[in-house]
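Take a look at the structure below.
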Amino acid sequence: MTEAMKITLSTQPADARWGEKATYSINNDGITLHLNGADDLGLIQRAARKIDGLGIKHVQLSGEGWDADRCWAFWQGYKAPKGTRKVEWPDLDDAQRQELDNRLMIIDWVRDTINAPAEELGPSQLAQRAVDLISNVAGDRVTYRITKGEDLREQGYMGLHTVGRGSERSPVLLALDYNPTGDKEAPVYACLVGKGITFDSGGYSIKQTAFMDSMKSDMGGAATVTGALAFAITRGLNKRVKLFLCCADNLISGNAFKLGDIITYRNGKKVEVMNTDAEGRLVLADGLIDASAQKPEMIIDAATLTGAAKTALGNDYHALFSFDDALAGRLLASAAQENEPFWRLPLAEFHRSQLPSNFAELNNTGSAAYPAGASTAAGFLSHFVENYQQGWLHIDCSATYRKAPVEQWSAGATGLGVRTIANLLTA
């Protein structure tokens, strides 16, 4: 094992020879990061990415100034999907070290799960990984049910069954109940619903290669809400929360769904399929119906749902939609506390009517006359939330995954959003 490179923090600027914009300098003792007080966490993360780019795979965070947030910022930039890295952490008090360890365990799980190849991570594997993670932190406070394949059709989960039936790997619904009260009649405080499309070819509305090559990550919403529940549990969540993961492949076969098909949901809504690549909303609808039936105080769904959200925000922010201004404000406050990027986009009553169909109550995609694709997708989902005007948040996970590295992130999953949702659950 090579000797660790020492990484220290300084509030003094770098020597002028490094240039006026230098954020780090190198000497015989190691590497010094020069904090300027403006965006110290971002500076640390960007510097860590550069350090990894130098091929330095063993570091020691040394000296004064390190806390859990700064250590975590370093790790966010330093971690990458290829190769191994070792960090020797500084001395932290027990609470800060526990917080850091929980982030490393759970958010790394989210990133690694999203990065996993689709060949290794099908619908059943995703559901089981989620069960294993939550059980690891919650023990016997968790019960769950897995429904798959034809059982979904027989029980009326027609959106999930329709999307997933084209794959040899059966679609799966995971319904997990975290109940720390021990009372089977305890009210459900919150429901989390995640889109778990383990590979999205687009179906017969097939994607081009440039848009399909990252579609192993189309289960990012499911991984995010799973991680959020696990992380909230480590922070002392003492209320009952249910998790619904809607897991499927969206593939082409002789049994795959087709344009013009009509799906009838358990709440009576009929949906005409006019784009098989708008499948995420079709599977989420089943999860939202189940969530609404629990009568929780809040429902949060998360999905890598639309390209429109990425067009608006890039990969830098998660898009937030809600009719509930107070609840949206609470989530944005949680995001600010956790230093995670969320941005609210419009969702109005008229978006709910911008999915007209000649043959059903709803179309699963908007027409050229209604180009606000992220907002109309949220409007579609609202039809499956019983009390959509209160207590419902929709997160379009545009910051979940990066196809290419940037100055602060490696290629792949980011894990962003986990801490924000956990913060809201435990507030």
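Placement of Cβ uses the backbone N, Cα and C atoms for every residue, glycine included.
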Residue in Glu119, Glu120, Glu272, Glu279 which Swiss-Prot records at the Mn(2+) 2 site where Lys195, Asp200, Asp218 also bind:
Glu279
So for Asp218 (Mn(2+) 2 binding site), how many other CB atoms are inside 10 Å of its CB?
29
Determine, for the Mn(2+) 1 site, the additional residues of the same chain whose CB lies within 8 Å of the mean position of the CB atoms of Asp200, Asp277, Glu279; present them in sequence order.
Val163, Ile197, Ser201, Gly202, Gly203, Ser205, Lys207, Met215, Asp218, Asn250, Thr276, Ala278, Gly280
Those recorded positions listed as Lys195, Arg281, and which of them has the most Cβ atoms within 10 Å of its own Cβ
Lys195
Of all the binding-site residues given, Asp200, Asp277, Glu279, which has the fewest Cβ neighbours within 10 Å once its own Cβ is left out?
Asp277
Taking only the Cα atoms, work out how far Arg281 (active site) lies from Lys207 (active site), in Å, as a whole number.
17
